[in-house]
Structure formats: structure tokens, C-alpha cells
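Listed in TrEMBL for this protein:
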- Arg90, Gly119, Glu142, Asn247: S-adenosyl-L-methionine binding site (BINDING)
- 191-231: region 'Disordered' (REGION)
- 197-214: compositional bias 'Acidic residues' (COMPBIAS)
- 252-276: region 'Disordered' (REGION)
Amino acid sequence: MSVKEKKVPPKLNKYMHARNPYRTPPSFKKLASVYPEFRPYCSYDVGGKVHLDFKDPKALRALTTCLLHQDFDLKVTIPDDRLVPTLPLRLNYLLWIEDLLMHAAHCETSDVIVGVDIGTGASCVYPLLAARKLGWNLVATETDNINFTAATTNVNNNDLQDNIIVKKVDDKTVLQGVLDDADIQKQMYLKKKEVNDNNDDDDDDDDDDDDEVMSELNNTPSDTPCKHTDGDDNKSMKYMFDFTMCNPPFFSSEEETDSMKKSKKQRGEPISSPTGCIHEKVTTGGEVTFITQMVEESHKFKSKVRVVEYKRLITTIIVCCSSINNNNNNNNSTIYNCV
Ligand code: SAH
């Protein structure tokens, strides 16, 4: 091998998806040579090796935004006090979803994939990566005004408005008002149709079909399957979101964030400093309440979004959350697959 690959330490590599490009860590030296904004956060040892202070949120922000640009051609701005996403982990989650779609929901690689990212954050990181790397379409929801504005700007600055809809939502809702939003359904339906109807040249009939389907969509209660979903024509696709995903706020109070910091100290200091403001970390009732609501709303909408003939499911992946059943006593990362 002519170029020696620097591998991720075994402990981290164990959790890295096989298709994750960051199994091979990025070169800070290269990044510093290309991005002047990254340089101020680098220190050099006597051997010329570049080091980064992971405890400095500004250094983390520079690392993430420079990597997004270098590796995904994404121009992303993250406001000062907002959560800075760690790219290897965010990519992992998307790749797990891709696995689920391919293997559990039998999607073809040519299918138009539509997902929902609940709580997209200022960076809008999952939708941007999903659109740019995987060609998916996302509805990104956000309750926080600053994050909503920043996420919208990030989508626009990357010309991904055709692939990503950013929607401001009420904090009392998770999926309600999103999966049943008539405008969203219409846009996503038309997107799926565009590809699926490529070989269909009967445009007039299509327009009539669209009107009929949209009218039915708007008038069908969320827990009732639309009649078209039982048919075997292309109309079935319009009811379907392929997945929902969420990196939920973890804590029920600011005090709880402090107590978690203390328990982390007992387990050993984390490598990087936590970033993000209180709205991004705290939600009424904590993650258990949030996830319970998400599960209930997923169940409520399952008939509306499930498309039997395409064998696709609405799949909710909830990342990095403790078990619902044992009320926060277990901090292992868990994936819940709610159908
Ligand atoms: N997805 C991003 C941000 C996660 S932080 C990332 O992984 O980096 C959680 C985000 O969820 C915050 O931005 C918060 O404002 C938002 N949020 C909290 N409750 C929400 C709700 N009910 N619906 C949508 N977004 C919500």
C-alpha cells in the first residue's frame, strides 16, 4: 500500500459504519493548509503533527464546517451558541437508515426517498448530508426560531431547496402537523411522481389524477388509509414518507444537564466539549416524554404513510437515547424501530 491509511482507534472504529468515510480520520494538516479559518485552532508539535483543542467549541465549529465543505461541498454556517454536530456520528445514523431502507423496507437504489428529520438544528446537518451524499429528500422540522432561520439559510446557500423543506413547528408536536401537512405531502408526492412517471407521456390524465389524489389526501383522516394505497398504480407512492429520524433533546431540566456532566466525569471525561444552547438540550419531560410522544404519533400516522405494495414502512430511528422502559437508568445507545 503506497499511502499509509491512518485508522480510527479501535474503540471508535467499533461503532463506525462500514461505509462511513470517517473510518479513516481526516487529516488536520491538509485541512489547515486549505482552510485559513481552521488554522487558528491548530497547534503543531515538534514533529509537525497538527493538534486540535477539542474542548474549544470554536475549534469544533471550524472543524465541522471545514469538513462539510471539503468532503461534501456544503457551505454551512452555525451560530455561535448552537449545537455543533460531529460528522462521523451523523453519517453513521444516515447509513443505518440507508441499511434499513434497503434491507427492511426493500427500497431500490433508484427510488425517490423522502424522510423527516425532527429537530434539525441550526446546521440542518442530517438533511444536508442526506440530500448531498445520498440524494434523498427531507422535511426538516424545528421549534427554535434561531435554528429554523439558520437551517433555512444553510439549505438555501447550498441550493438544496428542491430537496429539503424546513418547517417551523410548535414544540407540543412531533409528527402531527408535519406528516399531515397538505403542502408538504403535495411537494413530496410530486417529487416521487416526477421520477416514477418518467415513461408516462399522458400528461393531461396525470394532472387530473393529481387533483383527485391531492383532494383525497387533504380529506383523509390521519388514521385512515387512503383508498389509493390499496391499488397497484403509481398513486400509492404519494402517501409515503420512507422514514422519520430524530436526535432528540435529552434532558428535562438545566439541572439534569449538570448532573449528567457529573456522571460523565465518573465514567471519564468526554473527548470534546459539549456545544449547544439550553433549548437544544432540554425538553419538557425529557427524552422519555419526547420519544413516547413520537412513538404514539408514529402509530397514529402509520396507515396514512405506509404503502404496502412498495413494502416500505415508516421507520423511526431514535438515536443516542436511553431506554423508554427503564426511565433513563440505562445510557446505552439504543435504536427503536417503530412501525
Ligand atoms: N438534529 C440536529 C440537532 C439536534 S438538537 C443534530 O443532530 O445536530 C435537538 C433539536 O430539536 C433542537 O434544535 C431543538 O430546538 C429541536 N426540537 C426540540 N423539540 C422539538 C420538536 N417538538 N419538534 C421539532 N424540533 C424540536
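Quick reminder: no glycine exception, Cβ is built from N, Cα and C everywhere.
What TrEMBL annotates, mapped onto the structure for a quick look.
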residue : record                               : Cβ within 10 Å
Arg90   : S-adenosyl-L-methionine binding site : 21
Gly119  : S-adenosyl-L-methionine binding site : 23
Glu142  : S-adenosyl-L-methionine binding site : 25
Asn247  : S-adenosyl-L-methionine binding site : 23
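Put simply, the two farthest-apart Cα atoms among Arg90, Gly119, Glu142, Asn247, the recorded binders of S-adenosyl-L-methionine, are 17 Å from each other. DSSP classifies Arg90 (S-adenosyl-L-methionine binding site) as helix under the three-state reduction. In sequence order, Leu83, Pro85, Asp117, Ile118, Thr120, Gly121, Val125, Tyr126, Cys246 are the same-chain residues whose CB sits within 8 A of the CB centroid of Arg90, Gly119, Glu142, Asn247, the residues recorded for S-adenosyl-L-methionine being left out. For the recorded site, Glu142 (S-adenosyl-L-methionine binding site), the DSSP three-state label reads strand. According to DSSP, Gly119 (S-adenosyl-L-methionine binding site) sits in a coil region rather than a helix or strand. Under the three-state DSSP scheme, Asn247 (S-adenosyl-L-methionine binding site) falls in the coil class.
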